[in-house]
Amino acid sequence: MEAHLADMESSGGPTSSLAGTSRNTHVEDDDVVFIESVQPPICAPAIPNERNFVFASSKHENPPGTDSTISPSWRDLTSQKGNLCETIVIDDEGDTDTNGGEEKNPTDFIEWGPNGNKSSTKNVDFPIASLSRSKTKTAVGPFNPGRIDVTDAFQNGRFAVHHNPDSWISQSASFPRNQKQQGVDSLSPVASLPKQIFQPSNQQPTKPVKVTCANCKKPLQKGQTAYQRKGSAHLFCSTTCLSSFSHKRTRKTRNVMCKKDSPVRTTTIVPPVESSKSLQGFYNASLSPYENCQSLRKEVFTKSRCIICNKLGEVRHEISVNSITHKLCSNNCFNEYRLTNGLIMNCCEQCSKYMPKSTGHSILITGQQKRFCCQNCADEYKEIMEAKSKLLLLQNRKRNAIREENEKRLRESSGTLSGNTGDIPEKKEKSSEIIKVAADCSLDTSSEEQNVNLPCSVAVISDTFKEQLGDKNSEELDMSILPSLDPGSWPRILNMKQREFLVKNNPPQIRNFNFPKDSAGKKFSETYYTRILPNGEKGTRPWLLYSASKDSVFCLYCRLFGEGKNQLRNENGCKDWHHLSHLLSKHDESEMHINNSVKYSKLKSDLENKTNEATEGGEDCVQLLYT
């Protein structure tokens with residue numbers, strides 16, 4: 001290799017050589033350093049030539065801040081006349097040719113002589129198989145602005161020059177990437193490096209999302225009934241958690257009146273010097289009418305009327321049936337609504353724990369089927385019911401005592417009145433009428449007449465009054481109060497006593513009857529008494545009544561409490577047998593029918609409570625039926 005370089009030196013006159021690597025790579029670097037020669041020390045021979053060296057930096061240069069000395073090995077630099085400019089391009093990104101497992105870097109040296117000389121090209125191959133230099137294709141190393149040692153470049157696999165201690169080369173200037181110096185041709189633009197995309201090798205499997213109750217934080221099982229308040233994203237496992245979680249958020253409304261346009265009328269309050277009130281109290285006292293109006297609106301929007309008790313208060317439960325929302329104020333109203341409409345919940349009556357249909361204990365309590373998850377919940381529920389019944393008994397006793405005192409005072413006043421009247425029969429009849437009216441105004445006259453010993457005069461007057469008016473009143477009451485059980489014979493408008501009579505007697509459904517056919521051959525069938533629920537189960541229609549006198553059907557709830565011109569509500573009934581199935585299914589889901597059913601169940605429960613109070617008035621113990 002030294003002989004080859006010697007031939008290059010003796011190839012004629014002062015030359016300027018360009019050393020470059022010929023390769024076909026996708027990555028080039030355009031970081032350029034311009035280096036010019038400086039005067040050596042006095043003891044060294046002067047260098048008349050001023051050279052500019054251009055190095056194409058590679059990614060394996062020394063880090064910034066390290067200085068190295070470059071000494072040229074050409075002997076004829078001192079014999080050169082004039083100032084010649086030499087450009088040297090060094091690049092270590094050459095392609096490697098593989099030949100028998102050995103890598104080589106072909107390097108071309110191109111020499112230029114003075115004007116008129118032809119350029120000659122010599123190919124020099126340097127084997128670099130034994131070198132430990134590593135090449136990286138994914139990134140470009142930092143640019144070295146310091147001095148470069150040519151011998152280090154040869155050791156890295158490029159070229160070798162003889163070190164000449166008499167030559168001194170220093171750095172003159174450095175330029176960043178993709179920048180061109182005036183008067184010097186820069187290298188070709190560098191192709192952009194391909195970006196390496198890093199992808200995770202192993203993606204973590206997605207975990208199944210657990211849905212929990214917002215109140216008790218218990219996980220909801222698959223298939224479990226979840227409760228959700230309208231307008232809220234929280235889910236609950238039971239109605240107890242739903243009602244105890246939080247209050248309903250305030251309704252957002254649009255401001256109708258702008259605060260700037262509204263007249264601000266404030267009352268100026270000057271607190272006395274000795275006042276101990278805070279400034280906040282005086283500030284609240286001087287609110288504008290607009291702010292007062294806004295506070296009243298918020299209070300109105302947070303309250304609504306319950307469909308069961310008809311009270312205006314906070315809504316704790318909302319039930320949506322066919323886009324109709326029914327609002328309930330408490331758990332008691334919700335339970336009453338559920339029992340009235342036959343809603344079945346798969347949860348324990350005591351702890352509200354979810355239970356599948358095939359599990360749990362079913363117990364009949366006060367004529368109603370209750371479900372419990374375990375025997376402990378059933379015992380606790382029994383204790384609660386017994387405590388409530390004892391409380392009701394005490395309240396009944398208190399009311400009875402008050403009623404007895406009022407009747408005692410009435411008897412004393414009537415006794416004095418009968419003593420003063422003497423033998424006048426007309427006054428006796430008037431006094432007996434007064435006593436009768438007072439007895440009718442009492443809550444329960446039948447039970448009290450057996451326990452109370454009336455005076456002789458009052459008893460005689462009442463007996464004579466009953467004997468005289470007994471027959472006439474009984475006939476009139478039977479005609480006006482007691483309608484027949486056939487809904488076709490009921491009057492158009494029913495009074496309260498007639499409604500109570502029909503609710504107590506519960507008109508039966510006609511079965512095993514030869515229903516007549518109409519002109520089209522259609523007739524009523526007993527299958528209309530049942531219906532198919534959305535879950536596939538069969539449900540009953542206890543409100544559907546057939547009238548044999550008019551050959552039509554009626555709705556018991558809507559006939560007693562309904563209003564309007566519905567066919568199932570009016571006095572003629574419905575006899576459209578061809579479309580009856582569609583009419584009944586539509587009537588089941590109507591808002592009017594649901595409201596009337598609630599009224600019917602409420603009246604029936606009130607009547608049952610009155611009868612229970614009358615029967616349990618003389619008993620000291622509490623009796624509950626458990627099977």
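Note that Cβ sites are derived from N, Cα and C of the backbone, with glycine treated the same way.
Among the features that Swiss-Prot reports, region 'Disordered' is placed at 1-23 (among others).
The compositional bias 'Polar residues' annotation in Swiss-Prot covers 12-23.
Under the heading SUMO2 cross-link, Swiss-Prot lists Lys59 (among others), citing similarity to another entry as support.
Swiss-Prot lists 91-123 (among others) with the feature region 'Disordered'.
Taken from Swiss-Prot, the feature SUMO2 cross-link covers Lys137 (among others), and the record attributes it to similarity to another entry.
According to Swiss-Prot, the SUMO2 cross-link annotation covers Lys195 (among others), on the basis of similarity to another entry.
Taken from Swiss-Prot, the feature zinc finger applies to 234-268 (among others).
Summarising the annotation, Swiss-Prot assigns zinc finger to 280-319 (among others).
According to Swiss-Prot, the feature zinc finger maps to 326-354 (among others). Sequence-distant contacts of the zinc finger (326-354) (same chain, six or more residues past either end, CB-CB distance under 8 Å): 221, 224-225, 237-241, 243, 304-309, 311, 313-320, 360, 368, 370-373, 377-378, 380-381, 539, 594, 597-598, 600-602, 605.
Feature annotation from Swiss-Prot assigns zinc finger to 370-396 (among others). With helix defined as DSSP H, G or I and strand as E or B, the zinc finger (370-396) counts 22 helix, 3 strand, 2 coil.
What Swiss-Prot records for 405-429 (among others) is region 'Disordered'.
The number of other Cβ atoms within 10 Å of the Cβ belonging to Lys408 (SUMO2 cross-link), over all protein chains shown, comes to 11. The DSSP secondary structure for Lys408 (SUMO2 cross-link) is helix. The annotation SUMO2 cross-link is assigned in Swiss-Prot to Lys408 (among others).
Positions annotated as SUMO2 cross-link by Swiss-Prot, on the basis of similarity to another entry: Lys427 (among others).
Annotated SUMO2 cross-link per Swiss-Prot: Lys517 (among others), in sequence order. Under the three-state DSSP scheme, Lys517 (SUMO2 cross-link) falls in the coil class.
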| message | List every residue in the same chain as Lys517 (SUMO2 cross-link), at least 6 positions away in sequence, whose Cβ is under 8 Å from its Cβ. | response | Lys523
| task | Average the per-residue pLDDT over the zinc finger (280-319) and send me the rounded value. | result | 64
